[in-house]
Amino acid sequence: MLKEQLSVFEQHTTPFYAYDLGLLRQTLDLARAEASKYGYHVHYALKANANAPILAEVLERGFGADCVSGNEVRRALEAGFGPEQVVFAGVGKSDAEINFALQSNIFCFNCESVQELEVIQELAATQGKTAQVALRINPNVDAYTHKYITTGLEENKFGINVWELEGLVLRFAEWPNLRLIGLHFHIGSQITDLRAFENLCVRVNEIQRWFEDRGLVFPHLNVGGGLGVDYRAPEENPIADFAAYFKIFDLLLEKRPGQQVHFELGRALVAPSGNLISKVLYLKHGQKTNFVILDAGMTELMRPALYQAYHKIENLSSDLPEKTYDVVGPICESTDCFAKGYILPETKRGDLVAIRTAGAYGEVMVSEYNLRDKVKAIYLS
Ligand SMILES: *Cc1c(COP(=O)(O)O)cnc(C)c1O
């Protein structure tokens with residue numbers, strides 16, 4: 001229970017992120033145990049949270065690193081991940097980022113367009129290197145999640161479309177500095193309807209057979225990440241159902257002999273361990289609406305403003321009878337609102353509030369807008 005930490009929280013200046021390293025370790029241990037049942041490799045998606053103490057826990061458990069920028073590659077290497085554990089995706093890798101990753105001898109570039117392959121070939125040739133690449137293919141599979149965090153549909157910018165593959169396989173002969181080692185997919189995030197992963201497996205099998213018909217068998221399959229967490233009931237379901245998730249792939253994904261299967265999980269590994277702790281600055285009573293005005297806003301946690309995300313909110317200081325509030329931040333934007341019509345115990349100036357399940361895509365998206373101070377983090381072991 002977060003309330004038990006109230007006296008600890010009261011010693012710190014708000015707002016701040018509080019990470020529960022105990023829960024993080026439990027989560028990582030369970031994910032590792034379930035993945036290792038099938039010999040699966042898990043790469044942690046750094047973009048969910050790249051704080052050093054979090055990366056240290058991830059690294060300790062032998063996970064790899066999934067990066068989407070040159071600086072994430074650098075951060076992963078600095079944190080101690082070996083270059084052979086680093087994969088690099090992203091639709092817009094700059095020449096400088098590609099050059100840095102080539103120099104670092106990363107395991108694999110997950111390539112998202114034909115032109116990107118041409119550029120990696122050219123830069124690798126200049127460096128006298130061979131780049132290992134996987135094709136990120138857009139499988140046109142619905143993730144049944146919010147449209148803002150769907151990535152595997154034709155209308156999304158991510159990946160190479162299947163109709164481009166025919167032309168593409170013919171061109172690999174022109175690219176002596178690329179070694180095509182695998183296929184990569186990532187259909188979206190916060191996926192709670194696991195049928196989306198079943199559909200993904202079916203598509204991957206079809207696409208894999210298509211390549212086989214053309215004499216191409218790959219040593220690696222990377223099926224991305226996206227496993228969701230329970231934002232509504234973090235106490236009841238603090239850890240995602242890794243067992244059910246990996247089992248789907250074991251049952252449905254057609255693995256060729258010796259083929260290695262890779263996953264890229266971000267949110268499910270770190271989201272529940274993080275909470276944003278904020279103080280109530282003001283109460284304001286409108287005609288219809290009671291506002292709780294916090295000292296944290298969209299600059300500290302952008303997900304509600306960015307993609308209408310829900311976070312559970314808890315008043316840690318009050319046990320009074322409940323009332324209905326709009327919970328908002330101090331930033332000069334109307335979208336700076338964490339929740340509308342939200343039921344909380346009667347709330348007063350000075351109460352401490354926890355915005356739950358904020359460990360992923362929270363602190364990494366912090367902005368300086370309104371010249372805000374950078375939010376701090378504390379770690380509870
Ligand atoms: C963001 C991302 C992930 C991780 O997604 P989660 O929903 O956090 O698991 C994995 N792979 C790629 C390519 C990504 O961009």
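Heads up, the Cβ atoms here are built off N, Cα and C, so glycines get one too.
Because TrEMBL annotations are produced automatically, they should be read as predictions rather than curated entries.
Feature annotation from TrEMBL assigns domain 'Orn/DAP/Arg decarboxylase 2 C-terminal' to 16-359.
Per TrEMBL, domain 'Orn/DAP/Arg decarboxylase 2 N-terminal' is recorded for 39-271.
Annotation comment: TrEMBL describes LYS47 as N6-(pyridoxal phosphate)lysine. When secondary structure is read from DSSP and collapsed to three states, LYS47 (N6-(pyridoxal phosphate)lysine) falls in the helix class.
Sequence-distant neighbours of TYR361 (pyridoxal 5'-phosphate binding site): residues of the same chain at least 6 apart with a C-beta under 8 Å from its C-beta are LYS47, ALA48, ASN49, GLY266, ARG267, ALA271, ARG303. The pyridoxal 5'-phosphate binding site annotation in TrEMBL covers GLY226, GLU264, LEU265, GLY266, ARG267, TYR361.
Sequence annotations record features per position, and here TrEMBL assigns substrate binding site to ARG267, ARG303, TYR307, GLU333, TYR361. When Cβ atoms from all protein chains are considered, those within 10 Å of GLU333 (substrate binding site) total 14, not counting its own.
Taking all protein chains in view, 9 other C-beta atoms sit within 10 angstroms of the C-beta of CYS332 (active site, proton donor). Residues or ranges marked as active site, proton donor in TrEMBL: CYS332.
Most Cβ neighbours within 10 Å, among the binding-site residues GLY226, GLY266: GLY226 holds that distinction in the structure as shown. A gap of 21 Å separates the Cα atoms of TYR307 (substrate binding site) and GLU264 (pyridoxal 5'-phosphate binding site).
Shown in sequence order, ALA31, VAL42, HIS43, TYR44, ALA45, GLY225, LEU227 are the residues of the chain, 6+ apart in sequence, with a C-beta less than 8 angstroms from the C-beta of LEU265 (pyridoxal 5'-phosphate binding site). If you measure from the Cα atom of GLY226 (pyridoxal 5'-phosphate binding site) to that of GLU333 (substrate binding site), you get 30 Å.
Checking the recorded positions ARG303, TYR307, CYS332, GLU333, TYR361 against ligand 1, none has a C-beta less than 6 Å from an atom of that molecule. DSSP assigns ARG303 (substrate binding site) to a helix.
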